[in-house]
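Single-structure report; data block below.
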Amino acid sequence: MVKSRLTKADHAREWIAREIRIGNFARGTTLPPEQELADRFGISYMTLRKAVGALVEEGLLERVKGSGTFVRSEIPEQKVQKILGLVLPAWGAPENLDTVMHYSQACEENNWLLKVIYVRSWEDRSIHDLLGNCDALVLTVIQEMASMPSFLCEKLFTSPKPVVVNKGSAEVIGRDSVYYVRDGQMEIPCDRLYELGHRRILLVDQVTRRDGKPVTIHPNMKGFEEIFRRKYPDVEYNTELMAFEIPLYGQPHPAICRAFEERRGELAGYTAVVCPMSFYLAVAAGIRRIGLRVPEDISVLAFGDRLESEYYYPRPTAFSVLLQDQARQTLKLIGWRLQNPDAPPVDVQTAVRFFEGNSFAPAKQLPNVKEKVTK
C-alpha cells in the first residue's frame, strides 16, 4: 500500500540509491547527467532534480558547483552495503566458477556485495578501477606475483582498504594472504599410492614458458614430486612425458586425449596418474581410448576442489584445497583487518582434505598397451 503512494520522484530516488548501494554508480564518480536519468525514467527534469536533491540531503550524493553531481566517496556504512571486489583469471577453468559460488555464499552470510572481474594479466586497468569501487579486494594469483607492475604493487601496498591474495603469498605487496602452504598432509595420498604398490607414476600437467623454460601453472602440485623424491626414491615420478605447453587461455583436454593415443607405447608400465581436478575427465577419457580402465588398470589422483566431482565416474580420489574454506577464511580475515588496520600482514592456511574415491586400486603389471584393443 505504501509503495502505491510513492511519487515519481520517490521512485527515482530509490532507484538511484540502489544503484549506488550495489556499486553500479561507483563512489567518487560523477552521476550520469540528470537529463539523461530523467529521460530514462520518463519524468521531467525538475522531478529528477528533486530526487537527486533528496539524495544529497541523505549524504549519498554531493553537488560541486561548476563540476556536477558526484557519488560521495565516503558513505556511512549503514547507508550502503559493503562491496567485495574479486579478481579472477579470464580463462574458464571450472574451479573459477566454483570460487564465485563460494564467495557469493560467504558474502551473503556476511552482508557483503560481491563484484567479480576477470583479467588476463596484472596490467589490466580494471583491477585498479575495482579497487577504487570496493571496500575490500581479493586477488586470485593469475600470474607470478613477482611479475606485477610496480605501479600496481604500490597502489595495493598503500591502499587503506583490506587487500587479500588467494592461492599464493602476498609478500610482494605486503598484504594479507589466504592460501595453502604445502605441509605434511600432502604426504597422505603419496603414502596411499605407495601402499597400493605404485612405483611408476605419471604427472599430467600444463606448462608455460618463463625465461625460455617450461614452468607448471599448478605450483602446489610440485609438492607431490618433492615427497616422492625425498620419501620414496624407488618411485619413478615422470613430470615430462605428459606436460603440455599450452597458453593459459587454451583448452588442454584435446591434447591430453590425443597424447594417450599417440604415446601409448611410452605409457606402458605406468600404473598411476596424478593430475589437476580440472583435467580428470580428459585423463579418464584418454585412458579409456587406449583400452584401459580406471582404476582397474591405472589409478588416478586428482588435485583440486570441484563441486560436481562427486558425480564424475569413477568418483575421483582427490587431494583438495577447499575453496569454500578459502572464501570463508578470506571474509573472516577481511573483517579482522577492518578492526586491525595497522597490524602486520597475516597469512592464513586454507583447509585441505584427502578423499579416497573410486579411482584408486592396487597396482598391477600391465601388458604393453599397444596390444590392447580399444573397445
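Positions of Cβ are set from backbone N, Cα and C atoms, glycine also.
Predicted automatically and left uncurated, TrEMBL annotations should be read as such.
On a predicted model such as this, the values are computed, not experimentally measured, just so you know.
Annotated features, as they stand in TrEMBL:
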type	residues	note
DOMAIN	6-74	domain 'HTH gntR-type'
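Across the domain 'HTH gntR-type' (6-74), the prediction's mean pLDDT works out to 87. Mapped onto DSSP classes, the domain 'HTH gntR-type' (6-74) shows 36 helix, 9 strand, 24 coil.
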